[in-house]
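Taken from TrEMBL as is:
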- C473, C476, C513, C516: Zn(2+) 1 binding site (BINDING)
- C482, C485, C500, C503: Zn(2+) 2 binding site (BINDING)
- 246-411: domain 'Helicase ATP-binding' (DOMAIN)
Amino acid sequence: MDTGLGPAAQSELFETNPPPWELAVEDDVTLASIVFSRSPHGPYDYRIPDSLREELKPGMRVGVPLGHRKKPTPGWCVAVKEGKAVHRKLRDVAECLDESPLCDASLVRLVMWMSHYYQVPAGQVFDTLIPSSVRTAAGTKQTTYFTPAKGLSDAELEKLPAKQQVVMRFLISQNRPMSSAELAVAAKCTADPIKRLKKKNLIVPEVRREMHSGIRILAQTNDGETERTHHLTEQQTAALGRITAAVDSGRGRTLLLHGVTGSGKTEVYIRAIEHVVAQAGSAIVMVPEISLTPQTRGRFESRFESVAVLHSQMSPSERHFHWQRIRRGEVQVVIGPRSAVFAPLPNLGLIVLDEEHDTSFKQDTQPRYHARKVAHARAMSLGIPLLLGSATPSMEAWHATQSGHAELISMPDRVAGRPMPDVQLVDLRVRDERGGGGAISRPLKLAVDETLREKGQAILLLNRRGFATTIQCPACGHVVACPDCDMPLTHHRDGGKAMCHYCDYTIGTPPWCPACRFDGIRYGGLGTQKLEVEAKAKFPHAKIARMDGDTMKRPGSHQRVLSEFRSGEIDILLGTQMIAKGLDFPNVLLVGVINADSALHFPDFRAAERTFQLVTQVAGRTGRGDRGGRVIVQTFTPEHPAIQAASRHDYFKFVEEEMVNRRKFNYPPLGSVARIIIRGPVEEKTEAVADSILARLESARDLLNSEVRILGPAPPPIVRLRGKYRFHLLLQATEAAVVGETIRRALADFKTDPKEEIEFLVDIDPVNLL
Ligand code: ADP
Ligand code: ZN
C-alpha cells in the first residue's frame, strides 16, 4: 500500500501487531481504495465486509476507521478491487454513506486525473466536483414511512386498542408505505397510536430522504429579446457540418470555432446541441459567469425543453435540486460557468466552451484547474467532441490547431453581411486630442454627441472600478495603502470609502494625510465612478448607467441594467470588462475604450494577449444592427502591436507576432509553466522555506535529468497579501509532464513547521502571475 507517509506515521494510523489469526485466515478479499479530503489524504486500502460487497461502488462516500479516531472518518471510494490480504492488516469499511455513487466511473477517472495533474489530494477534488449542497443534501428532509409488519393475524389485530386498529387497518388497505403525518390525517388520530404500533414492531419504519416540496426555483426570466431560428449563413452551415460530423464520429476530439464577434456562434452551438439531443444525448455549455445574461439564457431556454442554468447566486437547495435533475437525465443542456464542466449528465454528447480565452475559466483557489483542460480530459475519456469558441482564441487554443491537436473552424464574417466596425485610435500623447482635461478625449466626446443625436446608444469601457485609484499626499508623497497588502487603496465616492481591491480592507477615506497631516490629499488615477461623473457633466441630457463590481453586487441588478439598456431607457452604458463580453444590442452605434493600455503594462507574459482580447471583444459590441457602428480606442501607445492588430480586427497578425515573443522564452503555449507560491507571516522565514523548495526542485531536476528552467524565488508583484509575505518560483519546460514530475518529486514529503504558519501552493498552468 502506498500511503505517501513514512513508516513512523503509518504505524500511528494502523494498529501494529495484529493478532496472528487475522493474517492466516484471509486470503482473497475485496478491497476498497479510499481517499480523504483532510490529511492524511490516502489512498488507503480497506477490506469490504460481505455485508457491503453488493452495495459499495467507486464514487460513493464511506465511513472508515482511521488512526485512533473513535468515529468512522468520511472518505471517498475511488476503486474496488480484488486483492490478497496476506501479510497485511486491513481494517473494514464501516459503512456506506450514499445509496448510489455521487460520481459515475468516468467522473471518478476525471477526479484521479485532476488530482495527479494539478497535484491536489483526490479527496479535495471530489469536494470540488460534488457541490457541498449535494453532499449535505440541501433542501431535503428525512421522512419515515411505515408498512405493516408481515404475518399479522386478524386475531392479533382485534386485540389492539381501537385507535391502533383503525391505523393498522388503514395502512393494510392502502397497500403502500405511508408517513406518520399522512396516517394521522387519514385515521383521524394523533401521533400517539402510531408510536405505540411502532414500539410493538407492528409497523416497520423506513427512512427516506426527499426534496422539500416548497423549494423555490427562481423563475428564469429573459430580458425581452425574442429568439427566432435563423436560416444559417453559409459559414454557419459549414461550421455546423463539421461539428455534427465530429459528434457522429464517436471519437474524442477538439474543435476550435474561431468566429468574429457577431458571426453567430451561439446559433451554431444551439444547432449542434439539437443534433446531440435528437440522439437522446445532452450537452454542457460553459460561458464566463458575466456573460450568463438573461439573453444567453433565453436563447437556449427558448430552443430546448429542459435547460439547467447554474450560477453563483443559486441557493444550496436550488443547486442540489438541479444537480439531482441533471443526474437523473432530465436535463438536455446545462449552462454555467467553469464548474459546469462537472455536471453529472448521464448521456453527455458534447461540451461547449464559449469565450474559451476568458480567464474566469481558471479557478484561483485549490484545486487550481482550468475548465478548458478539464473539459478536454472529460471529453477525451468519453469519446465526445469538445467545442471551443471565441472571436479571440487563446494562444493555447490557437497553437493546438497549428500542432494538430485541434481542428480549426473559421467564421470570418458577421451574419447578414454586416461589416466589422471601424476602429479609430486616439493618441493620448497629443494634447489637442486629449481635450480639456478629463478622461473623455475630444474625438470621443464628438462621437458620443453624434451617437446621441442619432438616437443610438454608446458603451464606454474603463477597466478600473472605484473613483480614484490612488490617494496621495502632494506634500510628503505618502500613498494611502492597505496595511495587509501594501497596495494603494482605491477611493470610492459612495460613502467616502478607501478600499483595497485585493483583500477588501476598507476605511473611511482620510480627509488629511495620515503621515504628515497635510490637509489637501489628492485623488489620482481614474476609476469608473469618476468617469460616470465626467460623463454626466459632458452629456447632461443622456441617461447613463454604470456597471461594475460595485454596482452589480445586488442579485438582479445586472439583469435590470441590461434590460433597461435593451429597451433604450439607457443611452450610455459605462463600466468595466463586464460590459465587454457577449452583449448583443443592435442599437449600440459607438464603443469607446477609455484607456486601452490599462492591461498592457502588467508584469505578465500574457499582457499583450489580454489587451488584444479586451479591445477586440468590446469593439465587437457595436455594429450588430443595420446602422453600422464605430469604435474609438484611446491609448498612449497606439503603435503597440496588440493595439494595432485589434484596431484592424487582425487576429492572425496578432497571433503571428505574439507567438514569436512566446517562443523567445518558451512561454505557453510553446512551453509549460507552473508556479509555486510560498506565503507566511514572517518575511525571512517565508523566504527560507522558498529557498529550501528551490533546493529540492533543483535536486529533483538533476535526478530526473530534466530540462526545467527554475526562476526565483522572488517576490511577486503583490509582495504582501492579507498580511502574508509572498515569494514565488516559476518552473518552465517544453513538456507539462516534466514540470509536473519535477514538482511532485521535490515536494513529495515536504512539510513545513506548522508553528511558522507558512503555506506553499502549486499552481499548474497559472493564468495569474501577480
Ligand atoms: P457571436 O457570439 O458570434 O458574437 P451571436 O451568436 O451573438 O454572435 O449572434 C449575433 C446576432 O446574429 C444575434 O442577434 C443572432 O440572433 C443573430 N444571428 C445568428 N445567426 C444568424 C443568421 N444566420 N441570420 C441572421 N441573424 C443571425
Ligand atoms: Zn489588502
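Cβ from N, Cα, C; glycine included.
On a predicted model such as this, the values are computed, not experimentally measured, just so you know.
Here the features listed in TrEMBL are placed on the structure.
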residue	record	DSSP (3 states)
C473	Zn(2+) 1 binding site	coil
C482	Zn(2+) 2 binding site	coil
C500	Zn(2+) 2 binding site	coil
C513	Zn(2+) 1 binding site	coil
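Cα separation, C476 (Zn(2+) 1 binding site) to C500 (Zn(2+) 2 binding site), rounded: 22 Å. Within 8 Å of the centroid of the Cβ atoms of C473, C476, C513, C516, where the record puts Zn(2+) 1, the same chain has further Cβ atoms from P474, A475, G477, H478, W512, P514, A515, R517, F518, I521. Around the Cβ of C485 (Zn(2+) 2 binding site), the number of neighbouring Cβ atoms within 10 Å comes to 21. The shortest Cα-Cα distance from C513 (Zn(2+) 1 binding site) to any of the binding-site residues (C482, C485, C503) is found for C482.
Same-chain residues with CB within 8 A of the center of the C482, C485, C500, C503 CB atoms, the Zn(2+) 2 site residues themselves not counted, are A481, P483, D484, D486, M487, L489, H501, Y502, D504, Y505, L721, R722. Over the domain 'Helicase ATP-binding' (246-411) the predicted model carries a mean pLDDT of 94.
By a simple count of nearby Cβ atoms, those within 10 Å, the most crowded of the binding-site residues C513, C516 is C513.
Among the binding-site residues C476, C485, C500, C503, the ones whose Cβ sits under 6 Å from an atom of ligand 2 are, in sequence order, C485, C500, C503.
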